[in-house]
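According to Swiss-Prot, the protein has these features:
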SIGNAL    1-17  signal peptide
ACT_SITE  CYS138  active site
CARBOHYD  ASN217  N-linked glycosylation site
CARBOHYD  ASN221  N-linked glycosylation site
CARBOHYD  ASN268  N-linked glycosylation site
DISULFID  CYS269-CYS322  disulfide bond
ACT_SITE  HIS276  active site
CARBOHYD  ASN288  N-linked glycosylation site
ACT_SITE  ASN300  active site
Amino acid sequence: MTPAVFLVILCFGVASGAPARDPNLDAEWQDWKTKYAKSYSPVEEELKRAVWEENLKMIQLHNKENGLGKNGFTMEMNAFADTTGEEFRKSLSDILIPAAVTNPSAQKQVSIGLPNFKDWRKEGYVTPVRNQGKCGSCWAFAAVGAIEGQMFSKTGNLTPLSVQNLLDCSKSEGNNGCRWGTAHQAFNYVLKNKGLEAEATYPYEGKDGPCRYHSENASANITGFVNLPPNELYLWVAVASIGPVSAAIDASHDSFRFYSGGVYHEPNCSSYVVNHAVLVVGYGFEGNETDGNNYWLIKNSWGEEWGINGFMKIAKDRNNHCGIASQASFPDIF
């Protein structure tokens, strides 16, 4: 197995604001606050309202251009709408990693035996979308999702596993709770610990705590894990044949945080910098196969109200778009 370079990921939740106000938007503002249970001090209200309006204008412009055929995806207001782009990006780390090297001829050759579509949700491998909240626990959600899928493959039972167990107990492997971590370090913890609890016995709190693992409650274990080389070809083969795979991407753009549908392609996305962990649960294409509108199907951890019920279609076979293949891994269970 060729080792890949694996780097710490800083994940992110929700942040704070800036200024402006259009009285015609008062009702929409109140509805948005109610929907996302937002409340502010009088001073903060003015700042948040201004940021919210700026984000609304940006999203409306994007969707108008999308209607004219300029973009391939839509955006919408969501829980991040009172947050500036700068605030959002401050929660991320800028870590350089080697670019993925793609060999088109090899990819075409290997792809002959692979299905055109894969969606592990339809085969029972994927648990419902959860919400990490303000804790930077994306890495733990991505790791847990991959283990859940492999446990289902082995046992036929799909059990939501404990993200909190990883947050509290995998610091010895280099993870740092709500601050940062990687899926492969989480896998290493489970391997050494010889077990991971279920969500039912070790529920998510969204904050760091002392390790409270009880071996008698272990619901999953792994026998090893694989770090994939940073190349979409390897990711393609793994997702087609193994199951859901943990990955990391550049999620620092406004277009990502407000994504709502379509195949996401952000021209400014980096293939060298990753800052948010996700679970790749499938792939496919929109339109005709020859259109080249291929996508990876990823599961996020921002709740079902983000994206396509918590999922995203992100461009596939586009030079490792957003670094999707740069830090991919999956557990072994024999």
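Even glycines carry a Cβ here, placed using N, Cα and C.
Recorded features from Swiss-Prot, shown on the structure.
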residue: CYS138; record: active site; DSSP (3 states): helix
residue: ASN217; record: N-linked glycosylation site; DSSP (3 states): helix
residue: ASN268; record: N-linked glycosylation site; DSSP (3 states): coil
residue: HIS276; record: active site; DSSP (3 states): strand
residue: ASN288; record: N-linked glycosylation site; DSSP (3 states): coil
residue: ASN300; record: active site; DSSP (3 states): coil
residue: CYS322; record: disulfide bond; DSSP (3 states): helix
Between ASN288 (N-linked glycosylation site) and ASN300 (active site), the C-alpha gap once rounded to whole angstrom:
26
What recorded positions in the list CYS138, ASN217, ASN221, ASN268, ASN300 lie within 10 angstroms of CYS322 (disulfide bond), counting C-alpha atoms?
ASN268
Which of the active-site residues CYS138, HIS276, ASN300 has its Cα closest in space to the Cα of CYS269 (disulfide bond)?
HIS276
Spatial neighbour of CYS138 (active site) that is closest, considering only the recorded positions ASN217, ASN221, ASN300 and their CA atoms:
ASN300
Taking Cα atoms as reference points, which of the recorded positions ASN217, ASN221, ASN268, HIS276 is nearest to ASN300 (active site)?
HIS276
Neighbour-count leader, CB within 10 A, recorded positions: ASN217, ASN221, ASN268, ASN288, ASN300:
ASN300
Relative to the Cα of ASN268 (N-linked glycosylation site), which of the recorded positions ASN217, ASN221, HIS276 has the closest Cα?
HIS276
Hey, how far is ASN221 (N-linked glycosylation site) from HIS276 (active site), Cα to Cα, in Å?
25
If you count other Cβ atoms within 10 Å of each one's Cβ, which of the recorded positions CYS138, CYS269 has the most?
CYS138
Round to the nearest Å and give the CA-to-CA distance linking ASN217 (N-linked glycosylation site) with HIS276 (active site).
29
